[in-house]
């Protein structure tokens, strides 16, 4: 599904607005009287439900609470499942009600992964993968985060099956967006994903790809295996 189409799609919130407007247009009623929905309102709402646009996959938003992280011994134990969506309309409903990166507190991580894939190195789907990573000045990642989400859920990558999900990490000096993939050793697929991601975001700086295995062994000393 093209990004432009997704941006133009009516959200489910608008159906509720139509319902409210229809009721307001009715003649004035006595206090306590029940106002029945008109046929037009019911028909509109039915059409809205029937015309939702399904996505290729279901996706889940996860949130890693920085306060909880400081109190937990095990990495990932502070991860919380926020919301799972499977249609364009439900994505916008969730996105519009979740803080954008610039509004998150320092230390927070917001993830969006294919449903049933947890944003952890230990997840079986992620175990042999790696990450592409982009850096942004403080408060400047909102648009790139949205475009990353649209590219993922809109099936825009040629090697879409390689995509696990993405995470935006808010830190004191700025924000980072990481794109997680399945098979780090598949250089052709990873390089293609990295190049397309830069193109979707119109990102001019170089971006690097780190294997999860390297990150686990070497931590901050892990080096990029691929660069685009």
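Glycine too: its Cβ is placed from the backbone N, Cα and C atoms.
The range from 53-56, 57-60, 101-104 that Swiss-Prot describes as region 'EIF4G-binding' is residues 53-56.
Looking up the ranges 147-156, 157-166, 167-176 in Swiss-Prot, the one annotated as region 'EIF4G-binding' turns out to be 147-156.
Taking Cβ-Cβ distances under 8 Å and a sequence gap of 6 or more within the same chain, the neighbours of residue 164 (disulfide bond) are 113, 114, 117, 119, 123, 125, 126, 129, 180, 181, 182. Residue counts for the region 'EIF4G-binding' (53-56) under DSSP, helix first, then strand, then coil, are 0 helix, 3 strand, 1 coil. Under DSSP, residue 174 (mRNA binding site) is assigned to a strand (E or B) in the three-state scheme.
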